[in-house]
Amino acid sequence: MGMSQNNSTLVAPQPKGIIDPATGKPVGSNDAYFTEINDELADKGFLVTSTDELITWARTGSLMWMQFGLACCAVEGLMQASGPRYDMERFGVAPRASPRQSDVMIVAGTLTNKMAPALRKVYDQMPEPRYVISMGSCANGGGYYHYSYAVVRGCDRVVPVDIYVPGCPPTAEALLYGVLLLQKKIRRTGTIER
């Protein structure tokens, strides 16, 4: 039963996986019964997909951001991007006040040596998966104050940064583009680990 005898050696049948390596689709997906069920569900508003794709889709469409505003970029760039003209919420990105409810931290402004431990503490309070957008020249590399003794030359020395948004101050379009790139990165990686 299921075993074949070949030169006095018992050989088990080749195990079948869930995904067919030739097509990349689930085994049996070309079955007429499966196709019929899929066609019946298509016109009723149902979607047949994998759990991983569903979780990734939900994660990209419901990012909650908080700002770590240190200087002018926090006021100028984020307020403009959140206003009615650009409206970041239509892209599935909504503001939150607490790091424990946030997925994305937007660091905007000059990070000083005194504020670096606070930035790390806030970052550590965020739940996994967490992402960081560095916004503006000062957060990216120190900006005008790069050679000051009191300035950290980029917030990536304190927390891992996923997206860099250049500019002094960056435009609202640049910030929105950074958010869209982050959503694309989440869709591409699809896992909690970076």
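Including glycine, each Cβ sits where the backbone N, Cα and C put it.
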Range among 1-22, 23-44 that Swiss-Prot annotates as region 'Disordered': 1-22
Listed in sequence order, residues with CB under 8 A of Cys73 ([4Fe-4S] cluster binding site) and six or more positions away: Ala108, Gly109, Met135, Gly136, Cys138, Ala139, Cys168, Pro169, Pro170
Site with most surrounding Cβ atoms, counting all protein chains shown within 10 Å, from the binding-site residues Cys72, Cys138, Cys168: Cys138
